[in-house]
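Visitor: I'd like to ask some things about the structure below.
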Amino acid sequence: MQTEKSVLFVIPWSRYWVIGTTDTPWEQELQHPVATAADIDYVLEHANAVLAHPLTRDDIIGTWAGLRPLLQPGTKEGTSSAKVSREHTVASPTPGLTVIAGGKLTTYRVMAKDAVDFAIGQRASALPSITHKIPLLGAVGLDAVRRQARPWASRYGWTPAMVDHLLHRYGSNLRELVELCEAQPDLARPLEHAPAYLRAEIAYGVSHEGALHLEDLLLHRTRLNYEVPDRGLAALPEIAAVAGEILGWDDATRDAEIASYTARAEAEAAAEQEPDDASAERTRLEAPDVSPLQPLRTT
């Protein structure tokens, strides 16, 4: 759907629908872009123009915002960022350093190929990058795992929806998750307050995917931050118990992790009520980062 500012997509995504984007400039700091009340109203207004059953804020389960790495450093006043090219470029600003800029999520594989080819220079013609042909993680052996999924579901009482979720998220790596369940059967249970996810997925996020904080797990290993209305807050004690056992957290560390993520989730929810980017950012930044970013040092 074409709007005056952007193309608005309505896309089926797992058990949900994703609607967006706004495609508006963000003039604040880069660390924590957030959706504002104006952003949400914009999406609802334009989606409802074509939907048979209008949506309200009560229908929204979660939101997220991100920044596009556009090549053009700025746009002329009054010009939409939607009109700026999504192409990417690779360059070497200093000997030994290759950087890539621009692009978009849907072209990340060709971006990787171009970056590798550029980095090896003249050797690229003889040794071209093959990254765009390498199967994604979990793709190799997927058919065999699909055949094994039914016995696993029967053993652990997983619903067809849970099996579908696990296959889509882990592919053939589902074997590794099942191994965790075999070693510790209570991990095969769904989270009590987020039953679309297994306890084993939390353990896997720590043991196989390097999560160190609750924030890592709820935002970057699962999608609980925007797949449940409370951003995963009700499930925090159970998630912290599973993660903390593997990471060796004491009671004080566990409580600090819960408090840190709770502050972030509440700040994000409050930021969504703010009318503009500046006030939304101020509200979001009231919650400090669990692991602050270190400033880039130059010589």
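Each Cβ is built from the backbone N, Cα and C atoms, and glycine gets one as well.
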Visitor: Tell me which of 41-77, 263-299 corresponds to the region 'Disordered' entry in TrEMBL.
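Guide: Checking TrEMBL against the ranges 41-77, 263-299, the region 'Disordered' one is 263-299.
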Visitor: What does the DSSP secondary structure composition of the compositional bias 'Acidic residues' (269-278) look like, as residue counts for helix, strand and coil?
Guide: 5 helix, 0 strand, 5 coil
